[in-house]
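Structure first, then comments.
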Amino acid sequence: MFLTPVAASPAAAGEPFAPAAGRARHGLAAAVDNGPVSTEPSHSEPDTAAPADAVPDPAADAPENPEIPAKPLLPKRRVGWVFAVAVVFWAIDLVTKNLVVANLEGKEPVKVLGGLIYLQVIRNPGAAFSMATGMTWVLALVALAVVIAIIWLSRRLRSIGWAIGLGLVLAGATGNLTDRIFRAPGGLQGHVVDFISAFAPNGKGFAIFNIADSAICVGGALIVLLSLLGKDYDGTSTKDKKLEKTIEKAQIEKAPEEQA
């Protein structure tokens, strides 16, 4: 029995690959030359979100130079507090003056709170507590200057305590200035309505005053107290300012070292 010999394949005989095999090899080489094939979608955005369980790095939030302390953060501005307090107490002063003028002017003093205070109406051409009578127009100009100064300063206020204190002073100055302008004889010479006499009638125990005078005194006392405690109108304290000076000094001393 004779076997018919089988022709060797081109690959086995060392002949070149068939055209199909050559194309496959060329495609594989091209893929290798073009770099690895990415399995990510072609239009995907990089995921920059931090993992939910990521632990914050304290070093990332630390100042660049740990030797220099960070400046204290300033509180927000308190302009609204100034005008809110001023409007409320100005309105109280105006309403109480109109009420006592309408009901008590020309009448005997009325005892209130068991004689702690007496209500009676007087027309005061002077300053608070009937001081500086005869200088009405000067006092009106002073009150106007105080109002302007407080309004200008209010833009820089960051302390609630200072805002309340200045608001009370503004209310008192505005309340008495309203009388200077609109009450007789007018023209910045109007007489202020006073109606509270403490401890005795007719100002025998204490000078007769009004709500505006009280607001000025309380507001001024609050401002003095805050100043004594080292609390400034801009929300800082004496301690904060010392720290800020320390920071500035450290930065100045550090600058030549960084340049070197």
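Glycine is treated like the rest: Cβ placed from N, Cα and C.
Per TrEMBL, the feature region 'Disordered' maps to 24-69. Taken from TrEMBL, the feature compositional bias 'Low complexity' applies to 47-69. Per TrEMBL, transmembrane segment is recorded for 79-96, 134-153, 160-178, 207-229. What TrEMBL records for Asp194, Asp213 is active site.
When Cβ-Cβ distances below 8 Å are used as the criterion, the transmembrane segment (207-229) is approached by residues 89-90, 92-93, 96-97, 120, 122, 124, 128-131, 159, 161-162, 164-176, 192-197 of the same chain, each at least six residues removed from its ends. DSSP gives Asp194 (active site) a strand state. Rounded to the nearest whole angstrom, the C-alpha distance between Asp194 (active site) and Asp213 (active site) is 9. Cβ-based crowding with a 10 Å cutoff singles out Asp194 as the top-ranked of the active-site residues Asp194, Asp213.
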